[in-house]
Amino acid sequence: MAKDNLQVLNALDVAKTQWYHFTAIIIAGMGFFTDAYDLFCISLVTKLLGRIYYHVDGAEKPGTLPPNVSAAVNGVAFCGTLAGQLFFGWLGDKMGRKRVYGMTLMLMVIASVASGLSFGHNAKSVMATLCFFRFWLGFGIGGDYPLSATIMSEYANKKTRGAFIAAVFAMQGFGILAGGIFAIIIASAFKAKFDAPSYEVDALRSTVPQADFVWRIILMVGALPAALTYYWRMKMPETARYTALVAKNAKQAANDMSKVLQVDIEAEPQKVEQLAQQPANTFGLFSKQFLRRHGLHLLGTTSTWFLLDIAFYSQNLFQKDIFSAIGWIPAAKTMNAIDEVYRIARAQTLIALCSTVPGYWFTVAFIDKIGRFAIQLMGFFFMTVFMFALAIPYNHWTHKDNRIGFVVMYSLTFFFANFGPNATTFVVPAEIFPARLRSTCHGISAASGKLGAIVGAFGFLYLAQNQDKAKADAGYPAGIGVKNSLLVLGGINFLGILFTFLVPESKGKSLEEMSRENEDENGEMQELDQTSYENRTVPLS
């Protein structure tokens, strides 16, 4: 029979939702707010960078970043994030969640400021220094993924754990929104102060010298929310699950959680020692036992996150086409440099407001009611349906009269990504692995997702080019076209449905139940008696 859990962990599992839960959501969530702001704000200023640093005298259109430079500026942060997810995920299990959390935050603050201070005598050196600092910014952001999810899952109660972890992730939506709103404010202020003609009227004067400050300010402000939460992050005690199950310090875990929960909790050092010696709590990541118990789970979390991010980040392909099609962004030559930033920011803000943010919060509302599995399956299903509905009659959608329909279908695809696998792939890896490997496994899953993001953002950038090389974007080879790219993405989403069946449902179960850490000597896991588990009380002082 499975052993009773430690009293300190039971206390966390059955605790009523209280203020410290919301404090943890805000502290962990502000990291994600910053992550989203920093990762997505670059797309607001890439057009401006092209105008400033790659202007060609006498050209019909404004300067744009060459394909290789554009890929580097947009993609280097993804590479840093992937590396950071693996490194800090592993470090979070070795040194503790809290200590590593502070490191990632400081790295994000320093790299955000440094990105805005990118220097050089020519375009190449400015882009090189920007890419260097964006890599380290991504590295810090990468650490935030496994640590935020793990900290929130280890602080939460059983009943609302999914909603709490999803709420941390949902702060991404507000980060994207804040990036757009801030860019609108800055562009409006500069536009009012430094008026300029459009590019077709006067190519040289359409980009005022002060425009160089616009992108730098937008990038640097990303440091503010991270810096403001540093103090509160450092005041948070280490999670009881790390302290008791990994560091094996029962007294410290009981003391920390007594203060947080405001109850007396027995330390139970002997029980901690007994648990530490169980076979279920000794195997490593690269052991046969891990492969037997959690191998399919890790395959499920890595594959679904990888497939989801290919589809999710490929949205960059059609966003510019959609914005242009519905008249949100006119032709580049009809605007000046700052006006273009304003219009791109406005368009992205509207998409975030109507599609991205609501999807995240639908997940928060329903994840503990209908479960992670159902939301993920439903999300992948509708993404598949909408991708094929966009792809098969693609020529129909390109007619001017049908473009609003295209935007609605496109928005629904990404609503169901957020009310679906984009949120659940973040939540589940923080719940189903043992405490000593939880941060590492979440980091591996997240890094797999970021690999998918790189494939989605850059592989499809080349793949979606027109099949006729003469009609492809400047500097790009011929591709398979947007219609065929959408068909491939539909197939990828369908694979996501299949791989979801490898991921277990964790709704309403304790973390130890899911990871099978409280097994008996025979290695047999039986469900804890639910009645006594729910009704167990913690002695009050």
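Placed from the backbone N, Cα and C atoms, the Cβ positions cover glycine too.
Marked as transmembrane segment by TrEMBL: 20-49, 69-88, 100-119, 163-190, 213-232, 350-367, 373-392, 404-423, 443-464, 485-504. For 24-508, the entry in TrEMBL reads domain 'Major facilitator superfamily (MFS) profile'. What TrEMBL lists as region 'Disordered' is 510-541. Look at TrEMBL and you will find 518-527 tagged as compositional bias 'Acidic residues'. Annotation source TrEMBL lists compositional bias 'Polar residues' at 528-541.
The list of residues near the transmembrane segment (373-392) in space but at least 6 beyond its ends in sequence, with Cβ under 8 angstroms from a Cβ of it, reads 304, 308, 311, 363, 366-367, 406, 409-410, 412-413, 416-417, 419-425, 428, 483-484, 486-487, 489-490, 493-494, 496-497, 500, 503-505.
Beyond its flanks by at least six residues, the transmembrane segment (69-88) meets 38-39, 42-43, 46, 49-50, 54, 100, 103-104, 127, 130-131, 134-147, 439, 443-444, 446-447, 450-451, 453-454, 457-458, 461 of its own chain at Cβ-Cβ distances under 8 Å. On the 0 to 100 pLDDT scale, the domain 'Major facilitator superfamily (MFS) profile' (24-508) averages 88 in this prediction. Among the recorded stretches 20-49, 100-119, 213-232, 404-423, 485-504, the one sharing the largest number of Cβ pairs closer than 8 Å with the transmembrane segment (443-464) is 485-504. By number of Cβ pairs under 8 Å, the transmembrane segment (404-423) is matched best by 350-367 from the list 100-119, 163-190, 350-367, 485-504. By the Cβ criterion (under 8 Å, sequence separation of 6 or more), the transmembrane segment (350-367) is in contact with the transmembrane segment (163-190), since 3+ such pairs are found. With a cut-off of 8 Å between Cβ atoms, the residues of this chain six or more beyond the transmembrane segment (20-49) that come close are 62, 64-65, 70, 73-74, 77-78, 81, 101, 104-105, 108, 112, 127, 134, 137-138, 141, 144-145, 147-148, 151-152, 155-157, 160, 164, 167-176, 178-180, 183, 211, 214-215, 218-219, 221-222, 225-226, 228-229, 232-233, 236, 260-261, 316, 332, 337-338, 340-341, 344-345, 348. Cβ atoms under 8 Å from those of the transmembrane segment (163-190) belong to residues 21, 24-25, 28-30, 32-37, 40-41, 44-45, 148-149, 152-153, 155-156, 208, 210-211, 213-214, 217-218, 221-222, 338-339, 341-342, 344-346, 348-349, 352-353, 356-357, 359-361, 363-365, 367-368, 418, 423, 426-427, 430-431 of the same chain, restricted to positions at least 6 beyond its ends.
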